[in-house]
Amino acid sequence: MSAAPRSPDDLAPDDDLADRADLTRLAQVEQALHALLDSGDAVLAAALHEPARALRQALQQLRDRDLLPGSATHRALHQHLLEPLTPVQRALVCAPDRGHQLVLAGPGSGKTRVIAHRIAWLLQARQVQARQIVALAFNRGAAAELRQRLHALAGEPARGVTVLTHHAMALRLIGRALAGSEQEDVPLDFARMLDEAVALLQAEPERPRPTHLFVDEYQDMSPAQYALVGALAGPHTQLMAVGDDDQTIYGFGGASIEFIRRFRDDYAPVRTTLLLENFRSTPPILAVAERLIAPVAERMKGADAPVHRAASRRDEPPGAPVRLIDAPAEVGLQAALVLDAVRRCLAEDAALRPGEIAVLARTRRSLAALQALCLLEGLRCEIAPRPQATSRLTVLHTREGRRLLDLLGCPARPHRRGAAPMRWASLQARRRPAHPVWQDLLLLANELAQVAPVRASAPELVEQLHALAREPRRAGSPQALRLMTAHAAKGLEFRHVIVMDCNDWLPGDDERRLLYVAATRAVETLTLMRARPSRHGLLDDIGLEALQEAGLLEPLAAPTPAEPPDAPVSHRRMLPVSPADIDLGHAGRMPPGHVLHARLARLEAGDPVRLIGRRIENLRGEPIGQLSRRAGALERLARSPGLPGRITAILVRQRAQAGEAFRADLHCERWEVPLIEVVVDAPD
Ligand SMILES: Nc1ncnc2c1ncn2[C@@H]1O[C@H](COP(=O)(O)OP(=O)(O)OP(=O)(O)O)[C@@H](O)[C@H]1O
């Protein structure tokens with residue numbers, strides 16, 4: 001973006017040609033219509049009367065709103081919405097309203113930015129009604145980010161735009177939560193929900209379709225999501241699919257790289273645009289990433305169109321070379337090396353917060369060892385939840401979630417799309433920006449406001465909230481080191497990224513793409529670990545020597561392992577204790593005045609605990625809960641002196657949730673239960 005003042009002529013550049021051409025055509029059509037009307041042919045005049053009137057009215061409306069290209073309003077919009085973009089992004093944003101578009105966007109190339117600016121342009125310059133626009137995002141976090149950016153760009157009218165995940169969209173269409181959504185033991189069937197929505201759309205071809213449909217991360221759609229997009233798009237819908245075949249990583253979840261490859265056939269004619277300027281990473285990171293992805297067969301972008309640093313950032317310093325560490329594959333040893341690297345990173349930059357560093361691994365198993373080490377060494381870390389997990393206990397069962405449900409459940413009058421609870425949740429979340437549960441509830445409340453019918457009853461809202469909560473949260477306290485699988489890191493970015501390799505990566509193009517996604521999350525530095533000996537060879541054919549000679553890569557000798565080589569293999573790892581292994585009714589069997597309730601009320605998620613045998617204690621040695629009878633194996637592991645651990649969440653239980661057989665023993669209507677994770681040192 002140029003800071004120099006621009007003349008009015010500069011502000012109506014080539015990008016407007018589409019608009020100008022449209023207008024010229026319209027004016028020609030208007031003239032032709034009038035000529036025909038004046039021709040004296042009464043039949044023709046009668047037939048053309050209505051179209052001529054509609055056209056006159058449309059042009060007049062543009063004039064009234066000062067929106068004809070070249071007008072002051074139009075120029076201001078230009079400055080606001082088009083100038084902060086590259087020429088390629090700009091052409092996408094103000095493209096004509098006809099024809100489908102495929103945007104093949106490299107990592108960090110501004111695809112969210114393009115979608116947000118395009119929608120704002122449609123609303124403001126083209127006067128498209130907000131309710132005609134639908135954008136589908138791949139998870140709740142991505143939807144929230146798009147909504148925020150859109151609101152910042154286009155203000156209040158942007159609220160009318162539908163920005164949802166595929167599942168939330170399905171939920172909105174079928175208009176109800178699925179039966180059993182509140183019951184913990186009935187898994188919500190996302191695929192069925194999508195199928196129902198597709199069937200409903202197909203049965204109602206007359207139902208109004210959006211005029212503009214945006215689909216982000218098109219490369220990772222499941223067959224059911226693909227069908228939903230197809231059913232949502234009507235004959236007059238302009239579809240913009242944004243994605244990157246190089247970042248297809250959900251093959252195992254039914255997603256198919258074929259969908260993005262087929263887009264051009266499915267929706268022909270399609271205009272294809274490549275977004276290759278990267279605004280995120282340094283040149284060394286981009287060079288290594290490009291070498292990583294190059295061997296993949298059948299890429300849509302092709303080797304002659306590499307992702308490269310954005311032209312506007314060319315003058316910035318090049319940044320540090322990518323570090324490649326040959327490391328022992330054993331998870332405990334590698335965890336120790338990673339922790340060293342994290343410590344060094346924090347020591348070098350006093351302003352750096354742990355949440356700006358991410359450690360990415362192929363599997364959660366590799367992260368569990370590091371998580372245990374962090375707990376023992378007193379470094380706060382947070383492990384991202386399984387993407388697409390359908391956990392039975394959701395954020396709504398936590399203490400904070402229950403408060404939101406209570407607020408929803410006792411309305412004096414029906415909420416307007418849960419507006420009051422949303423305001424309340426956002427207040428709590430603003431007060432506690434580092435509290436992942438509140439942050440997650442805020443996202444949920446926002447989504448509810450989009451999904452729920454305007455005059456939903458309280459029970460309807462509660463049901464919908466339960467259905468929405470089945471999608472996992474994205475964690476993120478700025479004070480906690482971020483640990484996640486490469487899958488969970490999709491769409492995110494971090495100043496420093498360390499990629500572990502505990503020999504769990506596999507050979508092949510799918511893994512290569514996953515490693516590419518991991519590497520391209522890095523903004524400033526990237527450290528790649530390479531297990532020695534390596535089983536997958538993903539890093540072996542990327543031209544290490546050439547990269548090294550060009551100063552883009554720095555191989556580091558394996559630092560001496562913290563333990564002697566013949567030390568017994570460490571199985572130390574963090575083990576989340578399953579709710580089924582915890583006696584969920586423990587505090588419920590105590591009378592309301594019992595000291596245990598007060599003790600539980602003082603606890604918070606993150607507090608340290610110790611598990612000794614069956615007993616869960618706080619650090620004063622006072623009991624706060626116990627394991628269930630089925631947790632015998634864990635109980636044996638936790639023999640004196642016990643296992644260190646911490647609270648992951650505090651659940652609220654109610655009498656109605658307990659099985660019939662247990663209710664007679666309960667002395668409370670409602671009580672709290674700490675969920676915990678502990679450090680164990682034993683093979684799986
Ligand atoms: N034209 C631009 N000028 C300046 N910054 C830009 C421009 N386009 C994008 N960016 C910035 O680049 C970063 C990446 O953009 P965005 O988050 O939209 O990427 P993305 O393409 O969705 O990434 P990924 O595919 O890797 O998830 C953001 O910080 C964004 O603000």
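Each Cβ is built from the backbone N, Cα and C atoms, and glycine gets one as well.
Whatever TrEMBL says is automated annotation, not expert-curated.
The domain 'UvrD-like helicase ATP-binding' annotation in TrEMBL covers 84-282. If you look up TrEMBL, you'll see Ala105, Gly106, Pro107, Gly108, Ser109, Gly110, Lys111, Thr112 marked as ATP binding site.
Recorded features from TrEMBL, shown on the structure.
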residue	record	Cβ neighbours (10 Å)
Ala105	ATP binding site	29
Gly106	ATP binding site	26
Pro107	ATP binding site	26
Gly108	ATP binding site	23
Ser109	ATP binding site	26
Gly110	ATP binding site	23
Lys111	ATP binding site	22
Thr112	ATP binding site	18
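Same-chain neighbours of the ATP site beyond Ala105, Gly106, Pro107, Gly108, Ser109, Gly110, Lys111, Thr112, judged by a C-beta within 8 angstroms of the site's C-beta center, are, in sequence order, Asp244, Leu275, Asn278, Phe279, Arg280. Under the three-state DSSP scheme, Gly110 (ATP binding site) falls in the coil class.
Ala105 (ATP binding site) falls within a strand when secondary structure is assigned with DSSP.
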